[in-house]
Amino acid sequence: MFSRDLTIAKYDADLFAAMEQEALRQEEHIELIASENYTSPAVMEAQGSALTNKYAEGYPGKRYYGGCEYVDVIEQLAIDRAKELFGADYANVQPHAGSQANSAVYLALLQGGDTILGMSLAHGGHLTHGASVSSSGKLYNAVQYGIDANGMIDYDEVERLAVEHKPKMIVAGFSAYSQILDFPRFRAIADKVGAYLFVDMAHVAGLVAAGVYPNPVPFADVVTTTTHKTLRGPRGGLILARANAEIEKKLNSAVFPGSQGGPLEHVIAAKAVCFKEALQPEFKTYQQQVVKNAKAMAGVFIERGFDVVSGGTENHLFLLSLIKQDISGKDADAALGRAFITVNKNSVPNDPRSPFVTSGLRFGTPAVTTRGFKEAECKELAGWICDILADLNNEAVIDAVREKVKAICAKLPVYGA
């Protein structure tokens, strides 16, 4: 028998110490990685619940194990809320991650060797959109489109490549693109060549849910997303679609048993919490502020003479090119880290450095907005970052910024009393 008094603190001091240090880091550091956010205590409560004990292969009402009557209720809640949130007719909440959701889509609708047309990783796409190092680039014939000299997706190039290569599927989505995707144009191109349109909205799902970014569901054959990032839920995946019995059946089979076994019902419960939170009016206010904050930060960098890829942002993220300053993203990342500002190095278009070094930084505002930052704080923060980038090895500047970071983080904690 287990005692509920047997906590990690009592049982495993080494692990508990590391967990506490990470919790302190999250409170004391400013988080600007575009794919990170902070979940609510309710989301974490669901993930740490007794649901982790339950095996439930199959789908609600069609399980291969007994004792699933309550997890059926939980999973159906998550499904229904996801459909309501995004205006979808179909939702599969079982994918363990966004990459697994994407793999399931490929498995459902493609054959090995089929051609896919996706955004180049070097131009802001994602590994799973056909990058050579990913299974999506190994199992399928991946053709890549990119951005033009102004940092915008070249839709004429997308159409030209589609006509030339006749892909079975066109992939729209990104990991580092700061503009609005033209879903109607993607749909028209897909229809012209008889391709499926698959949209990966992992980065902007929260913005879509709040109505501050266009919804791809009415245009795409299938849509995937993660449930963290801007959606602010647990780490996991989600597949959405309009009504199509054939595609729905293929997607369900591709998730289970095609690529996964038992679903993580404790994570699915956390997804249900997340979807309920995203259906509230205050979530729209939050997402509007996320975009305002990103625009405010990008504006400061432009004023200080830095190159923002695409000239600004229309969503939650933007890329900063440091080619002109001859600074590597790796060195900039490390210097900002010493000031308790967490970012990630990122390749930029025409980057002369390797992906392990890069010449750019990616910034995102979901996490700082969750802790209460508004435009004023974000402009001040961007100024501090510019000060460090202007003199990367000046430890006095880094030390001064770190103290300012600690002060503002104490004023605006992630988790209050």
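Just so it is clear, glycine is given a Cβ too, placed from its N, Cα and C backbone atoms.
Taken from Swiss-Prot as is:
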- L121, G125, H126, L127, S354, P355, F356: (6S)-5,6,7,8-tetrahydrofolate binding site (BINDING)
- K229: N6-(pyridoxal phosphate)lysine (MOD_RES)
- H228: site 'Plays an important role in substrate specificity' (SITE)
Quiz question: given the binding-site residues G125, P355, which has the greatest number of C-beta atoms lying within 10 angstroms of its own C-beta? G125
Given a separation of at least six residues and a C-beta threshold under 8 Å, show me what packs close to L121 ((6S)-5,6,7,8-tetrahydrofolate binding site) in the same chain. L127, H129, A131, Q144, S175, S347
I'm trying to understand the geometry here, so how far is the Cα atom of K229 (N6-(pyridoxal phosphate)lysine) from the Cα atom of H126 ((6S)-5,6,7,8-tetrahydrofolate binding site), in Å to the nearest whole number? 15
Rounding to the nearest whole angstrom, report the longest C-alpha distance spanning L121, G125, H126, L127, S354, P355, F356, listed for (6S)-5,6,7,8-tetrahydrofolate. 17
Where does L127 ((6S)-5,6,7,8-tetrahydrofolate binding site) sit in the DSSP three-state scheme? helix
Indicate whether K229 (N6-(pyridoxal phosphate)lysine) is helix, strand or coil by DSSP. helix
I want to verify one value. Collapsing DSSP to three states, which class is L121 ((6S)-5,6,7,8-tetrahydrofolate binding site)? helix
Row L127 ((6S)-5,6,7,8-tetrahydrofolate binding site), column other C-beta within 10 angstroms, all chains, value 16
State the count of C-beta atoms found within 10 angstroms of the C-beta of F356 ((6S)-5,6,7,8-tetrahydrofolate binding site), not counting that atom itself. 10
Reduce the DSSP letter at S354 ((6S)-5,6,7,8-tetrahydrofolate binding site) to three states and note it down. coil
Looking only at the binding-site residues G125, H126, S354, F356, H228 (site 'Plays an important role in substrate specificity') has its closest CA neighbour at H126
Just going by other Cβ atoms within 10 Å, which of the recorded positions H126, K229 has the emptiest spot? H126
